[in-house]
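Single-structure report; data block below.
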Amino acid sequence: MNAATTPAINTADLYDERGDELASVALQFQSLGGRTHFSGQARTIRCFQDNALVKSTLATPGNGSVLVVDGGGSLGTALMGDMIAESAVANGWAGVVINGAIRDREAIAKLDLGVKALGSNPRKSAKAGAGEVDVDVVIDGVTIRTGAQIWCDPDGILVEP
Ligand SMILES: O=C([O-])CC(=O)C(=O)O
């Protein structure tokens, strides 16, 4: 399904339906993409101030997945900018959740992509490829595994364990 046919799921309504069988990430992410409600199967990356894996992963077919990047909460460098975000759109990713920073906020806000991140920083990341793909990541006490269903909107992030 594409964005036009996927119904927008409201996380508060979903929580009311399913309750604590879903984990809720309490950390306050900002909603920075042009798509405010997004969901899909998670893929994961753990990295620290190095975004080569983010770039290469978002250049592969997303098939409606949500890339969850645990950048260790660092706001010291941007893990995604508008070019990487455009590549995510072109490759069919539903969205990207970054426990860290992005840059090019204004351009990213116009893209048909869900983006949740802690904030922004114009400083770019290293490109050495340090990090791991499809490992379990823990964000604010919530474990997110590749393949887990995840729902995001301006209220927050829900994850199926
Ligand atoms: O290349 C980077 O590090 C991020 C960036 O600026 C972009 O995606 O446009």
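Glycine is no exception: its Cβ is also placed from the backbone N, Cα and C atoms.
What TrEMBL annotates here:
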- G81, D82, M83, I84, R103: substrate binding site (BINDING)
- D104: Mg(2+) binding site (BINDING)
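Structure coloured by features recorded in TrEMBL.
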{"residue": "G81", "record": "substrate binding site", "CB count, 10 Å": "20"}
{"residue": "D82", "record": "substrate binding site", "CB count, 10 Å": "17"}
{"residue": "M83", "record": "substrate binding site", "CB count, 10 Å": "11"}
{"residue": "I84", "record": "substrate binding site", "CB count, 10 Å": "22"}
{"residue": "R103", "record": "substrate binding site", "CB count, 10 Å": "21"}
{"residue": "D104", "record": "Mg(2+) binding site", "CB count, 10 Å": "19"}
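Between G81 (substrate binding site) and D104 (Mg(2+) binding site), the C-alpha separation comes to 5 Å. A straight line from the CA of D82 (substrate binding site) to the CA of the residue listed as 'Mg(2+) binding site' spans 6 Å. Binding residues for substrate (G81, D82, M83, I84, R103) extend across at most 10 Å, taking the greatest CA-CA distance. Taking the centre of the Cβ atoms of G81, D82, M83, I84, R103 as the substrate site, the nearby residues of that chain (Cβ within 8 Å, site residues left out) are A78, M80, A85, E86, I102, D104, A107, I108. A separation of roughly 9 Å, to the nearest angstrom, links the Cα atoms of the residue listed as 'Mg(2+) binding site' and M83 (substrate binding site).
DSSP classifies R103 (substrate binding site) as coil under the three-state reduction.
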